[in-house]
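Copied from TrEMBL, the annotated features are:
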| type | residues | note |
| --- | --- | --- |
| DOMAIN | 427-457 | domain '4Fe-4S ferredoxin-type' |
| BINDING | CYS437, CYS440, CYS443, CYS486 | [4Fe-4S] cluster 1 binding site |
| BINDING | CYS447, CYS476, CYS479, CYS482 | [4Fe-4S] cluster 2 binding site |
| DOMAIN | 467-496 | domain '4Fe-4S ferredoxin-type' |
| REGION | 534-561 | region 'Disordered' |
| COMPBIAS | 534-543 | compositional bias 'Basic and acidic residues' |
Amino acid sequence: MHRLRSVRRALSRRLHRYDQPTNTLTLAHGIALFRQAQLIWSELVSTLKQLAVRFFNSDPIFARRTVGGIQPHPFKERSLRSRIMSTPIPQQLTIPIGAEGSGEITLLVDIGDQVRKYQKLAVLNMSVEGCSDVPVHAPTSGVITSIENLIVADHSEQQQLCISLAADGHDEALQLEPHTNYSQLSSADIVSLIRDAGVIGMGGAGFPTADKLSIYGESAIEFLIINAAECEPYITADESLLRERADRVVLGAEILKQASAARRCIIAIEDTKLDAIAALKQALQNEMSLDQTCELVLIPSKYPAGSERQLIQCVTGSEIATGQHPTDNGIVMHNVGTAYAAYEAVVEGKPCISRFTTLCGQALKTPKNFEVLIGTATGFLFELCGIEASLEQRIIVGGSLMGSQLGSDKAAICKTTNCLIAASAIEFPTPEAEQACIRCGFCADACPSNLLPQQLFAFSKTLDTTQLLEHGLLDCIECGACDYVCPSHIPLVSIYKESKKLIETRSQSLERSDYWQQRFQFRQYRVKKEKDQALSRKPDASLKPKLAAEQAVKTPKDEQGFISKEQASRDIAAAVARVKARRNEKNK
């Protein structure tokens, strides 16, 4: 009941801002108050659901609450109505390899080559320090038709080098090498299998999973956390995966635990995903008979509960300081999709050629979750769902809060594409005009990083990078919670992104300035050193210039270029003798 009392106190505190007779309730205040009431109501519903799960299901562990966060409408109901569907093989696949600057690309095929399913097409040697090679495999059999830069469905909004594959329809595959008895494998063997399968982080970052496991193997790991929160609206790919294939996810988590040598494995999921929780409990009970040790932890349902730092604090109570990595605290985190891909790579020996993606939005007749082949065009998936062209206004890749707009329905699915939204104008209306900040403090209440967004906004306007750094701008995770609650419709996240770019530009400029300053100082030192050496080799200054020049031509010198006294005396005597000889000739 203490949770219900805290909700009542929060409601009283927030409403008290407007009960003074001197305050006038403007339209902006009214909208903000309505949104706060929605958040409080969602908090109450979430609390009641937690109490229900607590009384009727006593097995899961409940995590602690963290600061900030919002309760947006989930918009998940429609895409959860059907089971996961495996897409048919499209006639054309555009397989992304890597963007410019992401690393060195080694192509293993050429235009016109016939390839088979699971065959390696290219290898990306990522430019990030500590990253190794990431192979890319053929999702089906066919012929390579082109290799060119194209737009893909990710957040980078950059073109990537892509291999176009014309499917032949036969789906001829290479022989796989499964390892069903994975418990007998060493950590190095598991890491090698995951690396050869091309598994990367499916949660959006795209960092090679094998490299993460290798890095973690160098230090003692206390917690392996499987992130099943999936807090952003519209996205249901992980929840659908857990509902239908929780046993494989749990096995994948055990494989990752074995590879990282973690002491505890925790699967963290929001307390409102009841079907997924039930499936996980059943899978964990089955694995307990095999002496497996994964734990299920329920976290409060709010956004952004799935952010790495927030989830770590919620589950373990450890707060990751600025500049630190979770491994510094003995913690490692992987996504649900990554755990499933690790299971396929090790147990089935299958390379990463597909992923689970949510297709949703008001413009779709039947939103679904698909197991999509990498390289499938987004327009092909929309046709499977049935799209109403009259309603479609834009395509969003990712969720509604952190997603970005996609310019074409021909963009290909990549390994990090978790959601595609065919949005209507009603779902994503044109942003309202920006107004002046009213200093309401809603953004500070919603910030999960415990920052002061209104102060960061003020310093961003004045381009005060020093104050921005002191107030923790680099700790901003760009979740969009401050944008969501702002009654003045200020695009805070966009402003913070520009400020981060400014800080990065100035930092690079300062580094270049320091570099050229060091080069200049080194040149000055070198020139001075050469002058000193030249002065040390200079002849005796008492000699006349003309005589010194004659002696330099006629007189032999030692190794250092100087004339001895004996040689000088002999040269003088010879000169006197020549003068006397000339005089004698004239007198005759």
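Each Cβ is built from the backbone N, Cα and C atoms, and glycine gets one as well.
Automated prediction, rather than curation, is the source of TrEMBL annotations.
On the backbone, the CA of CYS486 ([4Fe-4S] cluster 1 binding site) and the CA of CYS479 ([4Fe-4S] cluster 2 binding site) stand 14 Å apart. It is 19 Å from the Cα atom of CYS476 ([4Fe-4S] cluster 2 binding site) to that of CYS437 ([4Fe-4S] cluster 1 binding site).
Shown are the binding-site residues CYS447, CYS476, CYS482, CYS486; the one with the most C-beta atoms within 10 angstroms of its own C-beta is CYS482. Using a 10 Å Cβ-Cβ cutoff, CYS479 ([4Fe-4S] cluster 2 binding site) registers 25 neighbours. Looking at CYS479 ([4Fe-4S] cluster 2 binding site) and CYS437 ([4Fe-4S] cluster 1 binding site), their Cα atoms lie 20 Å from each other. Looking at CYS482 ([4Fe-4S] cluster 2 binding site) and CYS440 ([4Fe-4S] cluster 1 binding site), their Cα atoms lie 12 Å from each other. Listed binding-site residues: CYS437, CYS440, CYS443; maximum Cβ neighbour count within 10 Å falls on CYS443.
Of the chain residues outside the [4Fe-4S] cluster 2 site list CYS447, CYS476, CYS479, CYS482, GLY68, CYS443, ALA446, PRO448, SER449, LEU451, PRO453, ILE477, GLU478, GLY480, ALA481, LEU492, VAL493, TYR496 have their Cβ within 8 Å of the site's Cβ mean position. On the backbone, the CA of CYS440 ([4Fe-4S] cluster 1 binding site) and the CA of CYS447 ([4Fe-4S] cluster 2 binding site) stand 13 Å apart. Excluding CYS437, CYS440, CYS443, CYS486 themselves, the residues of that chain whose CB lies within 8 A of the CB mean position for the [4Fe-4S] cluster 1 site are, in sequence, ILE438, ARG439, GLY441, PHE442, PRO453, GLN454, CYS482, VAL485, PRO487, SER488, ILE490, LEU492.
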